[in-house]
Amino acid sequence: MILDADYITEDGKPVIRVFKKEKGEFKIDYDRDFEPYIYALLKDDSAIEDIKKITAERHGTTVRVTRAERVKKKFLGRPVEVWKLYFTHPQDVPAIRDKIREHPAVVDIYEYDIPFAKRYLIDRGLIPMEGDEELRMLAFDIETLYHEGEEFGEGPILMISYADEEGARVITWKNIDLPYVESVSTEKEMIKRFLKVIQEKDPDVLITYNGDNFDFAYLKKRSEMLGVKFILGRDGSEPKIQRMGDRFAVEVKGRIHFDLYPVIRRTINLPTYTLETVYEPVFGQPKEKVYAEEIARAWESGEGLERVARYSMEDAKATYELGKEFFPMEAQLSRLVGQSLWDVSRSSTGNLVEWFLLRKAYERNDVAPNKPDERELARRTESYAGGYVKEPEKGLWENIVYLDYKSLYPSIIITHNVSPDTLNREGCREYDVAPQVGHRFCKDFPGFIPSLLGDLLEERQKVKKKMKATVDPIERKLLDYRQRAIKILANSYYGYYAYANARWYCRECAESVTAWGRQYIETTMREIEEKFGFKVLYADTDGFFATIPGADAETVKNKAKEFLNYINPRLPGLLELEYEGFYRRGFFVTKKKYAVIDEEDKITTRGLEIVRRDWSEIAKETQARVLEAILKHGDVEEAVRIVKEVTEKLSRHEVPPEKLVIYEQITRDLRSYRATGPHVAVAKRLAARGIKIRPGTVISYIVLKGPGRVGDRAIPFDEFDPAKHRYDAEYYIENQVLPAVERILRAFGYRKEDLRYQKTKQAGLGAWLKPKT
């Protein structure tokens, strides 16, 4: 199993290293025969001798083309002959490429920016993560001491915790009497002990949570300050910290550094991405949070260190569990794309598609287009019409079906052969013409991207069939990871066409796909309304909610299935409309904002959720009760009564203060905040009292009644004393409870002022409620 690849330099020449796991043992394969190269398209092939004479300087060494060969390739589906120019060292390419490009005989140069080790994996047909080797995994986490205003890495590391299949342990330099704690004498000894643990356990995978941007950099800085060689690589090297966009990325040679943070941000939509806020939705169990100021207080006083050690241990354990959960999926993406898991786990979906296309282009003898320069990038910012959205029918509706197109955009790309190499191509016998925009796509041959996409969808269907057939739960889970990885890639192609930095960028392709999408959804809606008696309540891009007013549930379900039998044979190619669900009740507020309830009383909402931590418990609880009243009981008036009851209790100060706590995270150094929100104001007052506040600290506060700005009246919740303090009921009514329910009840004709307990006026309710069956 290939873990990763890189290159080193020996005697001025590159040596490829392939890090592998074979039969349970780690090994490194070396290849000294692979040469860096680029392609050049010439106006006149006789100019090749002049091209070979071009020189440049790199670190005092003269750089030139070492040899050249003429090769037959394809470019965007058309035959082309190009020159393959070889060089001594990969770093020669950036030193000389502009000089070659500027030669009058050169039309352009290609594939000059593909990293050497990645080029090697593609050209040699090597696929990382293939095989059934069992990889050893170890997760680690650190706790640090931070004082406001300190430079990064100035405060000591207090604890290093780690977890693997044998359990979780904590290394620290204070005596803590717990069975999983190992105490050493100093911070320096703690770091050295951790390095020894890595050496002894020799993991193939190091799992962190934001290790790219915190743990590794902090450990490396403290190691330098303390005179410790921070060697973690299997080749005896220190971790390599490199910039990747606006973030950092850390490589450990011979080991996969699997940072969960970018993976989870790409995979799950959450309001915040702390370890605690991620762990609960993934595993369904809360994880305790110990705040930075509590850690500092415990460390400096010596009281409560057991709790901090337990928290540190549980951090490592949670990171390990999350790593085990997410690693198999990234391994499948790595296999699918053909690049290392280290790269894949830090890539956007657009980059995943691009690496997949680069490999397939090589396999099909295609020269890849270049990435855009700054001028071209600016030109690619022009927008175009997106998917169709029908404004929702207001009111409370019953017996609703949801129908949507199966993989709408991928199906359109394949069915209509939408690809840069088929776009407006002259001399074809047959074209598909996109509605509204008029772009033509040749149907005489399969386009590069539609053919690859078709292969992916076909493979996914085969994998899903295997899933159904197997009785082995482990095999089924692995197959499920595989089909999900394929789905991620397949669903990214439309977005890739519109991705400004893409090699195979095609605005005409993207706007043609959405134009066909609009046509199909609008035609389908018209057919179901005119021929089957449905009323479409809301539609968005690839699906719609519909009902038959006055009909019972069985009638609506049966008629929907009749419609599918009618419409699907009339759709071209891979286009297929599916029955996605039935809901006994629902309402639709505005675009992308609705709530429905199924026959098992499961409520699904979109655009109405208040899951951010800066909503108090009373706001979340009130919204949940309002949704239940409307959807479960079909009673909008009950929902209004609930809101009035809550606002009345708030006004009378009958709501427990615990339900009014607001949590907000400090995301940067306090000195860099210009706007002082309540959480920042509270944090600054805490810091002034000596409590350590750092980025990531979550501030819990409650707003008191009184004059002045909200920030001046917000206090830490643990300082709230019911005997001395009164919370600001008006603040919680106007800024928490009413905003949480107003957009829901507005759909039924209620205004904000109608929802407070002292007002009883109802605005036009009868016009909004639909008859129940």
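In case you wondered, yes, glycine gets a Cβ from its N, Cα and C as well.
What you are looking at is a predicted structure, and each value in this text was computed from that prediction instead of being measured.
Among the features that Swiss-Prot reports, region 'N-terminal domain' is placed at 1-131. The DSSP breakdown of the region 'N-terminal domain' (1-131), given as helix, strand and coil counts, is 27 helix, 61 strand, 43 coil.
Summarising model confidence by region, the region 'Exonuclease domain' (133-385) averages a pLDDT of 94. The annotation region 'Exonuclease domain' is assigned in Swiss-Prot to 133-385.
Feature annotation from Swiss-Prot assigns Mg(2+) 2 binding site to Asp141, Glu143, Asp315; the stated evidence is experimental evidence. Residues within less than 8 Å, Cβ to Cβ, of Asp315 (Mg(2+) 2 binding site) and separated from it by at least 6 positions along the same chain comprise Asp141, Glu143, Ser161, Tyr209, Leu275.
Annotation comment: Swiss-Prot describes Asp141, Asp315 as Mg(2+) 1 binding site.
Here Swiss-Prot flags 390-773 as region 'Polymerase domain'.
For Cys442 (disulfide bond), the same-chain residues that are 6 or more apart in sequence and have a Cβ closer than 8 Å to its Cβ are Asn417, Thr422, Arg425, Cys428, Glu430, Tyr431. Per Swiss-Prot, disulfide bond is recorded for Cys428-Cys442 (among others).
Taking the Cβ of Cys506 (disulfide bond) as reference, residues of its chain lying under 8 Å away and at least six apart in sequence are, in sequence order, Ser419, Pro420, Leu423, Tyr497. The feature disulfide bond is assigned by Swiss-Prot to Cys506-Cys509 (among others).
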Other same-chain residues whose Cβ falls within 8 Å of the Cβ centroid of Asp141, Glu143, Asp315, the recorded Mg(2+) 2 site, in sequence order:
Ile142, Met159, Ile160, Ser161, Tyr311, Ser312, Ala316
Within a 10 Å radius around the Cβ, which one of these binding-site residues has the most neighbouring Cβ atoms: Asp141, Glu143?
Asp141
What are the non-local neighbours of Cys509 (disulfide bond), defined as same-chain residues 6+ apart in sequence with CB under 8 A from its CB?
Ile413, Val418, Ser419, Pro420, Leu423, His439, Tyr497
Just how many other Cβ atoms lie inside 10 Å of the Cβ on Cys428 (disulfide bond)?
14
